[in-house]
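Trainee: I grabbed these lines from TrEMBL:
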- 25-44: transmembrane segment (TRANSMEM)
- 41-421: domain 'Cation/H+ exchanger transmembrane' (DOMAIN)
- 56-72: transmembrane segment (TRANSMEM)
- 92-109: transmembrane segment (TRANSMEM)
- 121-143: transmembrane segment (TRANSMEM)
- 155-179: transmembrane segment (TRANSMEM)
- 191-215: transmembrane segment (TRANSMEM)
- 221-241: transmembrane segment (TRANSMEM)
- 261-290: transmembrane segment (TRANSMEM)
- 338-366: transmembrane segment (TRANSMEM)
- 403-424: transmembrane segment (TRANSMEM)
- 482-617: domain 'Cation/H(+) antiporter central' (DOMAIN)
- 632-778: domain 'Cation/H(+) antiporter C-terminal' (DOMAIN)
- 785-804: region 'Disordered' (REGION)
Amino acid sequence: MKSFNMTNIKTSSDGAWQGDNPLNYAFPLLIAQTTVVLITSRFIAYLLKPLRQPRVIAEILGGILLGPSVLGRQEDFFHLLFPSWSTPILESVASIGLLFFLFLVGLELDLSSILRSGKRAAGIALAGISLPFLFGAGVSVFLRKAVHGEEKVGYGQYLMFMGVSLSITAFPVLARILAELKLLTTQMGQTAMAAAAFNDVAAWILLALAVAIAGDAKRPLTSIWVLISGVVFVAFMLFFVRPTMNWVARRSQHDFVDEVYICVTLAGVLISGFMTDLIGIHSIFGAFVFGLTIPKGGEFAAKLIKRIEDFVSCLLLPLYFASSGLKTDVAKIRGVEAWGLLILVISTACAGKILGTFVVAMLCMIPARESLALGVLMNTKGLVELIVLNIGKEKKVLNDETFAILVLMALFTTFMTTPTVLVICKPLRRVASQARRLSHQQSVPESSQEEFQILACVHGPRSVPAIINLIESTRSITKPQLRLCVMHLVELTDRSSSIMMVQRARRNGVPFINGFSHCTSKDRIAAAFQTYAHVSRLTVHHSTAISALAIMHEDICQVAEDKKVEMIILPFHKQWMGEGDDAIENVGHGWRGVNQLVLETAPCTVAVLVDRGFGGSDIGGGATMTITRKRVCILFLGGADDRGALELGSVMAEHPTVSVTVMRFLVTDQSGTTVFSNSNSFSDTPEKNKSEKEMDEAALEDFKRKWNESVEYVEKEVRSITEEVITIGQSRGFELIVVGKGSCVADHQMEHSELGLIGDILASSEHCIIPSALVIRQGKFPEPTKPLSQNSLRARKPCALTPS
């Protein structure tokens, strides 16, 4: 095997045409290593996605897979891609990512909120640290004697690292698990987050102590100086640097100095890391403490996260997990005794965390099942655990076998959290849901049952004006008062910014909901709807749903069910920034999936708004409302969804500034005979077909009888509905076209199937459509026991949430 002298290693090659192998040079090899690590970790994350596991599991497994445990056993492959001379380079780059990631972790932790968390969270955190630490100290006696080579390590050093590794709770990982399980804003989730935050701070203190003790076992006075220097460093950061960073945050509000202060802050991360490394603790400790000094919740912290989190979390941090995996050799765990030690460590770690948390939670009068789930949640490990183990290996405290045992322990305890909590909490969630429904039925006064309630969902400020104008158009002068629920949909990701939003969430009865009253005054969405509520004298309930896009629909449907709304308004995933189809902004394919799932599962009527400029003039605070007359066209072909569109048109017709036109299409064949135009509305059973036709005719007759004077009714015989819809859409006769989702056109290839075929034409980017469109999917209600009135859209109440 060819050997390399580190002093002779070059950064880049002259290329394959010059006879150089790029993998023998530092930079091309680093590129190859990074690519392999990213592909491997992402592939494993994709495989683990159905199991609802946090990404840290996939990244650790990816490192182990690439290490000597699996692929590394093929020596040719291992020495080709991960030669020994490349290890310092890979670890240096990974350490840069780790340094800035720990800075982000410091940004996530708000010391003031931790101190306000209360005695319950502090007691649970203390029990969740002390008992596992004692158990770790006890098991270290057996490990030190049973594992070959560990008897040479000082007992104090070994005890500290074992105790810390068993007592850690991974705060960022726990937050994402709670978010995934929709337990974050429950009492149990709030308690777990507060206790984990306490635990995280205590873990860093213990880690600093362990590193100081491990520095030089033969010179205890040195360890004391390291500890004193560390305390002085923390005091200096909190009492001198923190006020400075508050001043920097205020100054950085001005764009012309913003970049300067961002650069100064990033340099501060590096300097802080250098100082703690100089002291003898570890560079990451300095970055973490510096993150604590940054003011939380303001724009400055958001700007910092926006600039560094993707590059660090998605590119550099996986390299750290890979370097950890390269040090993990499961083959070092040989024989029955070694595997018995692994089982002992896992059992001890689980028993210490779960038992300690369970006992204290019971003493705090938390129900037994919730106390048990809380204990399992607090047993979550993550990045900090790996940091402890890597430092222990670096300081020669942990050998290969002990390191492998503890890495597998961290993997197992984190992997078991989600399925175990699901089993424990499933009955709890069912009971809580039943209790919510019963409480709502008992607490809602009779008068509120007459209110027309709408749930309006928004992605961002751009979708606000059109939704406000649409809601204003549905306000009735003579009918029951409109009650508006506004939900700001925010995607929960693995980003630190998501965790910061999660921390600001407060309990509100629904997962991931926090009131807008707690947002900053510059929140344009909040300001817009607050202004609209004040101007229009409406009752508006504000909330924010922070969830992964795959399960966002569950939050929307749950709120719709709990609030007993009659209609959900969803913004289309494409937004037109100006007239014409060239100015299209796609907010993301994932949001289209959210709309599709809501349309399939919602317990009430759903309306998808395709906005092509339905907004109006500014009325202050970011809210917009058009005061000119709006022209609305209802396209009617027949079927339940089109009847729902007709009912909404009846509501709009009551508004004095809305002009409604109902246009009914009668499809004719070549001989001029009228044929049925909506195949989705009919069954193969002639009796049901006849019933649908009768309901269509009855709905139209009721509508015409009620609005004969003020609504224009047009019947058109057409041969191609597609051409007719395109003609109407290209004209400037209407500002809004309302159509049922079920409307079918056989000769049109759909681009957006969730809108139905006519809705797809109106949302198309190919036909130069001018007006906005509103696509209605009528609510899925139980079969009525008596005929429905013409205002059934208001009178109907949603049934229990069931998948379609």
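Placement of Cβ uses the backbone N, Cα and C atoms for every residue, glycine included.
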Trainee: Can you find at least 3 Cβ pairs under 8 Å between the transmembrane segment (338-366) and the transmembrane segment (56-72), where each pair is 6 or more residues apart in sequence?
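Mentor: They are not in contact.
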Trainee: Against which stretches of its own chain does the transmembrane segment (92-109) lie, if we need a Cβ under 8 Å and a gap of at least six residues from its ends?
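Mentor: For the transmembrane segment (92-109), the list is 30, 171-172, 197, 200-201, 269-270, 273, 283-285, 287-294, 296, 301, 304-305, 308-309, 312-313, 315-317, 319-320, 322-323, 383, 387, 496, 499-500, 503.
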Trainee: What is the average pLDDT across the domain 'Cation/H(+) antiporter C-terminal' (632-778)?
Mentor: 78
Trainee: State the residues, same chain only, that lie 6 or more residues beyond the ends of the transmembrane segment (191-215) and have a CB under 8 A from a CB inside it; answer 'none' if no residue qualifies.
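Mentor: For the transmembrane segment (191-215), the far contacts come to 105, 109-111, 113-114, 117-118, 120-122, 124-126, 128-129, 133, 156-157, 160-161, 163-164, 167-171, 174-175, 178, 183-184, 222-223, 226-227, 230, 280-282, 285, 288, 357, 361, 366, 374, 377-378, 380, 384, 387-388, 391-392, 395, 397, 503.
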